[in-house]
Each structure stands twice: as C-alpha cells, then as structure tokens.
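Novice: Below is a structure I'd like to ask you about.
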Amino acid sequence: MAIVNVNHFLKEVESTDLKIDAIASSELYKDATFFKPDVLNCIKRFESNVKVSQGQGDGLVLSDFKLLDDTEIDSIRKKSNKYKYLHYGVILVGIKAMLPNFRGMEGRVIVYDGACLDPERGHICSYLFRFESDCCYFGLRPEHCLSTTDVNLAKRFRFRVDFDCPQYEQDTELFALDIGVAYRCVNSARFLETKTGDSGWASQAISGCEALKYNEEIKMAILDHKSPLFLEEGAPNVHIEKRMFRGDKIRRSRSISAKRGPNSRSKETRGFRSLSARIERFGKDEFGRRASTSEAPPGRSVSVEDTDRPGKGNSDGSSP
C-alpha cells in the first residue's frame, strides 16, 4: 500500500508551511471527505522542525526524541472520556542538508516504541537516507492504535537519527529535520481504512531512503545512552487557515535548536546526543541490511511493496 503519490507529494511539499500538509486527510482516511466536516476537523496535525548544529567535528545523533509535545498529549488525554483510541494516520520524516557537497552523504533513522523494554519487539522501522538531492523523505502508517489513557503515551513513538557530519566550526547548523504527524481519536478500527480500503501497516521510501532490517546494530543503537546535546525549544507556532463552509483549519508546530551546551556532557536530558565516530566510517552491514520487499521480520521494517499485509481492522465501536 503506497501512502502517497510520490510525484504529487514532491511537488506539493515545497509549497506548504508544514511538510505534513502535503498529504491530504482524504488520502489517509476514507471518511475524511468534504461532506463530513466533523471528521476533517477531528484529524489533527503537528510537526517538529529541528535545526541540528555541529559540535567539535563529531557525528550527531538525535536520540529518544518524542513525536508529540506536552500540549498535544494533554489535548488527547482530555478527549479520553469521549474517545478510547488514538491512531496515527501518517508519520512523515524529512531530512534536509544545509551544507555543500552533500550528495552521497548518509545517515539512519530508527523509529521505536520507547515504552517497550525489548528493543526487537519495540522496533517499528528503520531507514537509511542518502542525499542525492538536498532532501530525503519517508513515511509510515502504523497498523495499531494507542490508548488515549496510556500513561506512557508520549513514549510510544520515539526516534533516533544518525547524521554523517563533516568537521565545521562549533554551532554551525548543518541539517534540518522535519517530523510531522496526522492523527485522530476514534472508538472503532473500522474508521481507519484509507480511501482505497487498506487499513494495515505501510511504510514508504518517498525520496532518497531505503528500508533497513532489524539487526544487532539497530538493537545497540536503540539501547545506546550517551550525553545529549543541549535542546533549545522555541515557542510553539499555531497555523490557521480560513475555510469557507467549514471551521478553520488549525495546526501546531514547534521549532527546536540542537547544539552542544555547557553541561551537555554531565547533565542527562532527552534529545540530541554526540556520536564518538562519524557515520561515514560505518559499513553497510553496520547500518543494517535493506529490508526485503516480501519479508516482514520481527520488529518489522518493510517496504510498501510487501504483499502480505495484515488484514483489515474489525468494526467494534462508534464513529467519532
């Protein structure tokens, strides 16, 4: 199951305020139509833009980064009396290079469940990105729902991103990372089908990315704990789009700057962490083997061509 039409997405993504807005709600859920404004209004969007700065010539790692901020989590929990489940319709990851001679540079993104104590069972997907243009993109559509009352809701989707990083002066911003999500609260899995009738797991290498299989290197990366870089988060942004005959379209985003702080080696906080060796020294096997298009290994990381997708969800609740 393809999540997006690649040509259409690449055309739209550069003309939107938020990258996640390049994917229409109607592509994610079959009941998200012009004739159902209540459904369109219940689909929320949130995006994080992170500027990654160099630190003393080391490679850089974004580790244990959470998908939603506290405001989004609080909003979801306030709806728990009305809705039992949370579903992510799509998670979009974009990596942008902001330096010369970027072509051929590589890195890796690992998505995992931060509440799972077994890294293999908690692994969601991994991608190798290689810059052939200045931007790389991939998307994933989880099959499972989450509980709106889960005390560990903020941990359930976490990210680790390894960047190949040449030597630059301290605090030079070299990469931008955009992680956007469209989600909705529901009471029934039957409302989670796309307009083509699919409801199973999907991930898609949209541009400059290849899926990786779970292996020992990915396991150690998930378990890795190193001193983080300093995270400086700015005030959240609210994007409002006026619409005729419907309520205003409201989305939220946040901007984060990641750089080496004065206490980055001694103070343990969540966020970016320094890497002792540059990623370009890693061999292909250390990044992880590319995922087969017909294989779904434990801790799945499969491409959209996988023909053995899980079945559709069952109807067991009411419409949002």
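Backbone N, Cα and C define each Cβ position, glycine as well.
From Swiss-Prot, here are the annotated features:
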type	residues	note
ACT_SITE	His144	active site
ACT_SITE	Asp171	active site
ACT_SITE	Ser199	active site
REGION	251-320	region 'Disordered'
COMPBIAS	278-289	compositional bias 'Basic and acidic residues'
Novice: Take the C-alpha atoms of Ser199 (active site) and His144 (active site) and report the distance between them in angstrom, rounded.
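Specialist: For Ser199 (active site) versus His144 (active site), the Cα atoms are 10 Å apart.
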Novice: Round to the nearest Å and give the CA-to-CA distance linking Asp171 (active site) with His144 (active site).
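Specialist: Approximately 39 Å lies between the Cα of Asp171 (active site) and that of His144 (active site).
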Novice: Among all protein chains shown, how many Cβ atoms are found within 10 Å of the Cβ of His144 (active site), not counting that one?
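Specialist: That number is 14.
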Novice: Give me the count of other Cβ atoms within 10 A of the Cβ belonging to Ser199 (active site).
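Specialist: Result for Ser199 (active site): 24 other Cβ atoms within 10 Å.
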Novice: What is the Cβ neighbour count of Asp171 (active site) at a 10 Å cut-off, with all protein chains included?
Specialist: 11
